[in-house]
Amino acid sequence: MKILVVEDDELNAYALTAVLTNQNYAVEVACDGDAAWELIETYDYDLILLDVMLPKLDGISLCRQIRSKGLQMPILLLTGCDSSHEKAIGLDAGADDYVVKPFEEEELVARVRALLRRGSTTSQPILKWGNLQLDPQSCEVTYNQDLLSLTPKEYGLLELFLRNSRRVFSCSMILEHLWSYEDTPGEEAVRTHIKGLRHKLKSAGVPSDLIETVYGIGYRLKPQEEEVESKKLEIGGELLTPNSSLSNISKKQTLAAVDEIWQRFSGRVDEQVKVLEQAALNQKALDPELRAQATQEAHTLAGSLGTFGLAEGSKLARKIELLLKSGKTLKPFETANLQNWVKLLRQEIAAKGKETASVELQQGSGGVGGGGGV
């Protein structure tokens with residue numbers, strides 16, 4: 001399944017991509033509303049994850065534009081404001097749900113799954129073909145209750161066929177569903193992944209012709225013998241108990257990816273805090289341009305820090321944003337509060353840097369085994 005993330009904050013966009021990619025979704029990113037609309041007009045998406053505050057075309061306006069064109073894909077809003085009024089505006093604009101930044105990975109993924117189920121005719125969570133079962137919630141595939149180890153693309157292929165049991169997919173259609181437009185390979189890559197998936201299924205005991213080749217057209221899921229007349233794929237009503245070991249591996253991979261993103265963008269975060277420090281030290285002669293920049297940086301940090309485990313840092317950034325956003329001349333005690341909050345924010349971020357460096361050192365010394373990439 002393909003998700004479009006519309007987010008202008010690069011740090012948040014990378015974090016969202018890491019979380020969703022680790023759940024085997026194909027993810028594309030647009031950094032403003034206009035760019036997002038061009039992609040939406042060109043490609044099909046199963047869900048749009050849409051930030052409210054965007055340059056060029058804001059999220060609410062883009063949401064209205066999408067619905068005015070009759071497009072019905074689920075829209076999940078990302079908002080930095082937790083007020084009921086702001087949420088109501090988004091829902092009235094056509095959004096299906098919302099997540100308040102900083103987001104919790106577990107909640108975000110659960111809301112994405114819920115919206116995708118709601119928009120699908122196959123709404124039950126477990127997809128089945130005989131004794132082969134795919135659980136979209138835990139991203140697990142089992143045959144006769146034995147776990148299969150699939151790559152993200154192999155998993156995506158199997159899910160695509162199970163969700164569309166009577167549909168024939170050409171190589172180009174598969175590329176559109178499972179790869180982002182920036183990373184689309186040639187059709188030979190599809191055939192290679194199909195071959196790999198077939199080999200793993202056969203090794204697990206699954207009938208070798210589960211995925212049929214329709215010569216000259218593409219591939220499809222072979223109908224089960226008992227389904228030839230009904231033409232319907234059975235969808236299980238029982239939710240499988242997630243395999244804890246595999247689920248934990250998935251979580252560790254996501255955390256590792258998020259930590260890597262933090263290391264990559266730590267320099268930028270440092271520059272954002274420097275803007276806040278400059279604003280805090282120059283309150284008596286703070287020009288409007290610096291104040292506006294500091295307000296925006298505080299807003300961005302409030303929305304992103306919690307994603308990287310800095311819940312207290314996110315709260316501090318939100319306090320700074322609200323104080324600067326008021327536009328009024330700060331009283332002495334407010335200036336003191338601002339300077340203290342910025343100082344505490346700097347300490348929180350410095351502690352995160354030490355923690356990440358410590359983990360990296362342990363991994364380098366062989367204390368932690370390397371996890372697979374997404």
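Cβ from N, Cα, C; glycine included.
Keep in mind that TrEMBL annotations are predicted by a computer and have not been checked by a curator.
So that you can see what the record holds, here are the features copied from TrEMBL:
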type	residues	note
DNA_BIND	124-223	DNA-binding region
DOMAIN	2-116	domain 'Response regulatory'
DOMAIN	124-223	domain 'OmpR/PhoB-type'
DOMAIN	254-359	domain 'HPt'
MOD_RES	Asp51	4-aspartylphosphate
MOD_RES	His299	phosphohistidine
Worksheet, complete the sentence: All chains considered, the count of other Cβ atoms within 10 Å of the Cβ of Asp51 (4-aspartylphosphate) is 27
Item to complete: Work out the three-state DSSP category of His299 (phosphohistidine).
Response: helix
Worksheet item: Name the residues of the same chain, 6+ apart in sequence, whose Cβ is under 8 Å from the Cβ of the residue listed as 'phosphohistidine'?
Response: Met53, Gly80, Ala317, Glu321
Worksheet item: Using DSSP, what's the helix, strand and coil tally for the domain 'Response regulatory' (2-116)?
Response: 53 helix, 24 strand, 38 coil
Worksheet item: DSSP says what for the domain 'HPt' (254-359): how many helix, strand, coil residues?
Response: 95 helix, 0 strand, 11 coil
